[in-house]
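Trainee: Dumping the structure here so I can ask a few things about it.
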Amino acid sequence: MFTKDLIEDLSSNSLEEHIHKKIEEIQKKDKEINSFITLNIEDAQNSSKEIQKKIDKGIQGKLSGLAISIKDNIAVSKLRMTCGSKVLENYIAPYDATIINSIKKEDGIIIGKCNMDEFACGSDGTSSYFGPTKNPRNIDYVPGGSSSGSAASLAAGFTDLSIGSDTGGSIRCPASFCGVYGFKPSYGLVSRYGLSDMAMSLEGPGPFAKDTYGIALLLDIISGKDPRDTVTVESSKSYTKTVENFKDQDIKNLKIAYAKEFFEGVDEKIKNIILDKISKLESEGAKIEEVSLPNIKYAIPIYYLVVFSEFSSAMSKFDGFKYGHYVGGQDIVEAVSNTRETSMGIEVKRRVLLGTFITMEEFRGRWYTKALKARSAIKEDFKRIFNSYDLLIGPTMPTLPWKIGERISDPLSMYSSDILTVSANLAGICASSQPVGEAKGLPVGLQLHADSLCESKLLKGMRAVELACGGI
Amino acid sequence: MQLHEDKYKDLNLKIGLEIHVQLKTEQKIFCECSTDYINSSPNNNICPICTSQPGSKPMGVNEKALENLLKIGLFFGCKAYEKPFYVQRKHYFYPDLPSNYQRTSQPILGDGNFMGVGIWEIHIEEDPGRYELREGKVDLNRCGVPLAEIVTAPDIKSPEYAREFLRDLLLSLEYLGVIRGESGSIRADVNISIMGGNRIEIKNVNSVKGVYKALKYEIVRQKAVLQRGGTITMETRHFDEGSMITKTLRKKETVADYRYIPDPDLVPIYISPEKLQEIESVLPESPHNKKKRFMKEYSLGEEIVDALISDLYLSDFFEESAKKSNPIESGKWCATELKRRLNEKNLSVSTSKITPKHISDMIGFIERGELSVKNAKWIIEDAVDTGEDITSLMDKKNFYQISSEDTLLDIIEKVMGDNPKAVEDYKSGNENALHFLFGKVVNETEGRAEPSKTIKLLKDKLCMVN
Ligand SMILES: [Zn+2]
């Protein structure tokens, strides 16, 4: 297992050198990829010296000095947190997110803050105020979003692990487009304290890695109850063991469903690769059956209603007085308008306006509350399936990565690219994406879903697919 | 005092209050900062949560704050809603509100009553910071201090009763130990309508006196508008403490403007029947039960009892004094003269120097004919102010009544001797001459002559004159 081997290597080789190499790579290539907004080089070098001493004594934490990049909407104390926006260009976080605390405690080395779609509003990584991130597999193509820099920094070899956030696919989409592993935990398993708000009832942080083991390792560290996030629950923290103990023959015990709705409108080349992997799993002994998710067709409108409403509320604080650039004006209304006009991108403004309109109608219980109710119909669909199956399998994205600039003018086609990923967020369940092949030289991701808080099942499925694809 | 004041009867005055009080807790409602926002320099009693730093999340609603809120509701006879309640976001831009939305819960309890005024609902919310308009400065130390909002029915019919209601409500909350003591102030939004006009809301009135003054001003203003043939349209007004007048703040305000949504960061809160029972079991006797008991146990009239129980410190004080004196007398003195003096001085029995012993001793002096009822009022004033014991007050003020017949007869004879004309007038049928001579006796004794005895002796003596 790649990540596990890497940790073992680090215990006998120089950690300082390992970190130094990562920094060199970043300095050489990131001008082009643009996966980082803020680098943490000096701090990372100092940490590598400190942790090296711990390794020499055999008292290092579980991450043992692995380099980790962090999406720039997660607070790391004393580092800038821009959320990919001009609004927070100069904002220095005065505190650590709960998961950052845990990562530091286990001796992870934070190497930098990653580029992202502005305030996580985007699906391809091109809407950042700090310029688009490019796909390391082919720099003419988008890396996927919104955690574009997290996936790209990992795919480009700038880091060993990464942390992103997933509101409707923001981890899984770039994982699929860049050819790395990405994991969206169940709602409440990982603390959101320190994750800047986009749509609070849908999102949470989650890990990126080069393999299933790396995902499980981070999950053990960042999961669990946090008094600073009331929606969190306890975690078994035994995910690494689950992956380590998984044997080839365990594939036979897996009951996997696939839904025809998750293949509608999907690129033929992607469809064939995924179906091929499904047959492979079946031939290894997994039980595979077709099921139906009738309510999935409502997922996109429900998802965007919830996102716009919650987002417009979350963005209220960026008025130029408390947070964000102060521009000034005749009165408070003009000053706030000026701040928003001059420092927010088009997609952010669109979402704030739509959300404000929706929530103004809300006192009649028109949309937001109804959308919350409709979510339960989608939850029911999944509940029914997970009563009989361990996993739901399908593609992560309906298309291959597109060329940079191709879809900017068409928000609706951008929104519809989320069609396969948003349901997991609406239902609060866990889901993953992992690379299973290539088409036209671009990576193809396979998505697995498991029931809420059934992370162990999902990791077993990921490991089974990893092994079925010839992984070690 | 009555709900209805005769002078406002023709106006069909309807007054409702939305009262904000700070709940007593160690920590703020959603974070671990201290609620002592006054004793630290500006913007030093804050953390990422109460300043709404990007990425910070509220911790769950402070348990002690919720407990105190439940105490208030149950004490006023409210019922707690059974279904889980959401904390909502109420959006508005203001310099002292870091997130530009205020977290405020759905109603938690409702349908209660205090002093004949319906309590519609009670909910919990967070206090914003403080904004100095003139200097343009913001202090966020207060952000996140837990507040209870108590919404009354428009049952109050006069500014005077509004003042009394608020004063007694605050005393009860203080008695319950659920509100921050030193804050002392309340913040109230006042709703008022008079016949022929629409409802006017006066925002952010910061004292009991302010509420009274704002209402007085509004009544005059609205009457004048209507008399001129104008109309009172629904609006929100602002009360200026300096000039004691209200000014238009905004004409139109709808719920839609606040864009309420349930806060996605907080799980809904469910209050279990066990929790309610636990709180109910430690609550002091409710005003309702106390009223029934006082009327039965002490044979007191309803008006006296209402006055006693509206201030729970006073009701305890009364019970203590009634142990050593006639309860009917004690009740009367506590409910009238004592309460009047306390209100005058803006004190409560808990903050003034008077003790139950003062009242019982004083009643003893009256019963023995040693103290006049008139002078007893002065005794109460002095006891409230100084706390000196009754005997020394009696001495100091020379209040001992002269009721010895011999002493009184000596004085009467002297007065009659000094005023032969008045004696003559009385004999020829002028009743006023009796009052004149009585006055002289009173003057001669510096007011200490026991009145009924003096009159009787004076009459007897006059009859004996040929
Ligand atoms: Zn705080």
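Cβ coordinates are placed from backbone N, Cα and C, and glycine is handled just like the others.
Automatic prediction, not curation, is the source of TrEMBL annotations.
From a predicted model like this one, the values you see are computed outputs, not experimental measurements.
Straight out of TrEMBL:
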ACT_SITE  A:Lys71  active site, charge relay system
ACT_SITE  A:Ser146  active site, charge relay system
ACT_SITE  A:Ser170  active site, acyl-ester intermediate
DOMAIN    A:21-459  domain 'Amidase'
Trainee: In whole Å, how far is A:Ser146 (active site, charge relay system) from A:Lys71 (active site, charge relay system) when you measure between their Cα atoms?
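Mentor: A:Lys71 (active site, charge relay system) and A:Ser146 (active site, charge relay system) have their Cα atoms 9 Å apart.
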Trainee: Which ones in the same chain are close to A:Ser170 (active site, acyl-ester intermediate), with CB under 8 Å and 6+ residues apart in sequence?
Mentor: A:Asp117, A:Ala120, A:Ser123, A:Gly145, A:Ser146, A:Ser147, A:Gly164, A:Glu203
Trainee: What's the number of neighbouring CB atoms sitting within 10 A of the CB on A:Ser146 (active site, charge relay system)?
Mentor: 35
Trainee: Could you give the mean pLDDT over the domain 'Amidase' (A:21-459), rounded to a whole number?
Mentor: 94
Trainee: By the DSSP assignment reduced to helix, strand and coil, which category contains A:Ser146 (active site, charge relay system)?
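Mentor: Once the DSSP labels are grouped into three classes, A:Ser146 (active site, charge relay system) ends up as coil.
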Trainee: Measure the Cβ-based neighbour count of A:Lys71 (active site, charge relay system), defined as the other Cβ atoms within 10 Å of its Cβ.
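Mentor: Its Cβ has 32 other Cβ atoms within 10 Å.
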Trainee: Could you tell me which three-state DSSP class the residue listed as 'active site, acyl-ester intermediate' falls into?
Mentor: coil
